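According to Swiss-Prot, the protein has these features:
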- 10-30: transmembrane segment (TRANSMEM)
- 67-280: domain 'ABC transmembrane type-1' (DOMAIN)
- 73-93: transmembrane segment (TRANSMEM)
- 109-129: transmembrane segment (TRANSMEM)
- 156-178: transmembrane segment (TRANSMEM)
- 205-225: transmembrane segment (TRANSMEM)
- 259-279: transmembrane segment (TRANSMEM)
Amino acid sequence: MQKVTFPNKILPYFLLAPQIVLTVVFFFWPASQAIYQSFMMREDAFGLKSTFVELANFTAVLSDPNYLHSVQVTVVFNVLTALLAMGVALLLATAADRVIRGQTFYRTLLIWPYAVAPAVAGMLWLFMFNPAMGTFAYLLRRNGIAWDPLLDGNQAMGLVVVAAAWKQISYNFLFFVAGLQAIPKSLIEAAAIDGARGARRFWTIVFPLLAPTSFFLLVVNTVYAFFDTFGIIHAVTGGGPAKATETLVYNDGFVNLNLGSSSAQSVILMAIVIALTAFQFRFVEKRVHYS
């Protein structure tokens, strides 16, 4: 194998510099500020004076019933969003992989939602399911379903889960299609000759060979549901009704101006995501076969 080197030793660093700057500015700096603020407590409304309070913010957060309820809601939302987004994406990718004519058109059509901003995606679903004027809300009422996510917490949770999953389906679809195309067609044809039907071929041949892709998307969707869905939730329900979909970090930090509590919650969430990702790589990856 031929080794490729840059003619100028400084050039690689220049090429990496923009990404390094973005990572430092939009990840490491905010994370360090959140960790710092989690040990501080503001003494005035303008934040001009703060006091070091050690672990008081973490103790208060972990003993707050509202926070514990928020953790439960977050876990339910995360699991449902990841499963729905990956399940629908796999179904669409399998269908698109069988299409002979117009593959490019269908794939382009299915990846468009990923380009929609989270807040815009939330507003679209809010309009469609608005109890007063939404098209789908009208159809639900015509079929005897008392639809009102502004009053029913379960309906509100279902709506934000569907909206968040819809936004992520396109991303998952791209990777599942790539994974399906990488599977040798000779294996599928051999199984068909042996008499294996479509469902059996999928579960015994296709799905196991998609394990690396599925594992990668499981990690990505977990992080997405934790960190990248605020815009959707805030646009669709605003945290209601009755705190059924409340974004407690936002409310404490930007509404109640309690930066210490908000930062402590952010640090705990970051630790949970890191631990969950490490667990996935440590235990789930053992069941993934890459060859």
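Quick reminder: no glycine exception, Cβ is built from N, Cα and C everywhere.
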Recorded stretch, among 73-93, 109-129, 156-178, 205-225, maximising Cβ pairs under 8 Å relative to the transmembrane segment (259-279): 205-225
Chain residues in Cβ proximity to the transmembrane segment (156-178) (below 8 Å; excluding those fewer than six residues from its ends, i.e. six or more beyond): 73, 76-77, 80-81, 84-86, 88-90, 92-94, 96-97, 107, 110-114, 116, 118, 121-122, 124-125, 129, 149-150, 210, 213, 216-217, 220-221, 224-225, 229, 232-233, 236-237, 240-241, 244-245
Dominant neighbour of the transmembrane segment (205-225) in 10-30, 73-93, 109-129, by Cβ pairs under 8 Å: 73-93
